[in-house]
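S.K.: Dropping the structure in here first, questions after.
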Amino acid sequence: MTTPSMEDYIEQIYLLIETKGYARVSDIADALSVHPSSVTKMVQKLDKNEYLVYEKYRGFVLTPKGKKIGKRLVYRHDLLEQFLQMIGVDEENIYRDVEGIEHHLSWNAIDRIGDLVQYFEENPERLNELKQFQMRLE
Ligand SMILES: [Mn+2]
């Protein structure tokens with residue numbers, strides 16, 4: 001696995017705060033499989049760039065800027081999981097594949113994938129045609 005990017009950190013911190021109410025260095029380190037010292041270093045960088053602030057007792061708090069981007073990053077991750085699932089990618093590959101591609105797509109590409117996911121949601125018979133087609137190819 002490559003070194004987690006700034007985006008990975010913001011995404012995980014956002015998720016931790018959403019689910020647990022707080023994000024500690026140790027939680028972030030666990031979530032990203034990195035050493036706590038790497039977390040400390042990145043948190044300082046995120047603080048400097050105004051994505052988060054450290055508050056005594058509460059720990060890390062995302063700024064409005066950090067929250068906004070965190071929300072978009074989580075949306076992007078979930079959308080890509082949904083997309084891969086839709087086109088029939090095996091369940092056990094999905095998470096790692098999304099982690100591998102999510103930082104490399106433009107928001108333009110994300111929006112177009114979003115259209116496709118919505119299209120299939122609104123036209124399940126089309127998705128069914130795709131599944132039939134895939135079965136013929138196998
Ligand atoms: Mn992700």
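Heads up, the Cβ atoms here are built off N, Cα and C, so glycines get one too.
Sharing the feature lines straight out of TrEMBL:
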| type | residues | note |
| --- | --- | --- |
| BINDING | D8, E99, E102, H103 | Mn(2+) 1 binding site |
| BINDING | E11, H77, E99, E102 | Mn(2+) 2 binding site |
| DOMAIN | 1-63 | domain 'HTH dtxR-type' |
S.K.: Taking the centroid of the Cβ atoms of E11, H77, E99, E102 as the Mn(2+) 2 site, which other residues of that chain lie with their Cβ within 8 Å of it, listed in sequence order?
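M.R.: What remains near the Cβ centre is E7, D8, L73, V74, R76, L80, V98, H103.
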S.K.: Could you give me three numbers for the domain 'HTH dtxR-type' (1-63), the DSSP helix, strand and coil residue counts?
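M.R.: Per DSSP, the residues of the domain 'HTH dtxR-type' (1-63) fall into 36 helix, 8 strand, 19 coil.
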S.K.: Counting only residues 6+ away in sequence within the same chain, which have a CB under 8 Å from the CB of E102 (Mn(2+) 1 binding site)?
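M.R.: Those within reach of E102 (Mn(2+) 1 binding site), by Cβ under 8 Å and sequence separation of 6 or more, are E7, L73, R76, H77, L80.
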S.K.: Count, for each of the binding-site residues D8, E11, E99, the other C-beta atoms lying within 10 angstroms of its own C-beta, and report the residue with the smallest count.
M.R.: E99
S.K.: Within 8 Å of the Cβ centre of D8, E99, E102, H103, which other residues of the chain have their Cβ, at the recorded Mn(2+) 1 site?
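M.R.: In sequence order, the nearby non-listed residues are P4, S5, E7, E11, H77, V98, G100, I101.
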S.K.: Non-local Cβ contacts of H103 (Mn(2+) 1 binding site) (under 8 Å, 6 or more apart, same chain)?
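M.R.: Listed in sequence order, they are S5, E7, D8.
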S.K.: When a 10 Å sphere is centred on the Cβ of H77 (Mn(2+) 2 binding site), how many other Cβ atoms does it contain?
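M.R.: Neighbour count, Cβ to Cβ under the 10 Å cut-off: 18.
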S.K.: Quick one: mean pLDDT on the domain 'HTH dtxR-type' (1-63)?
M.R.: 90
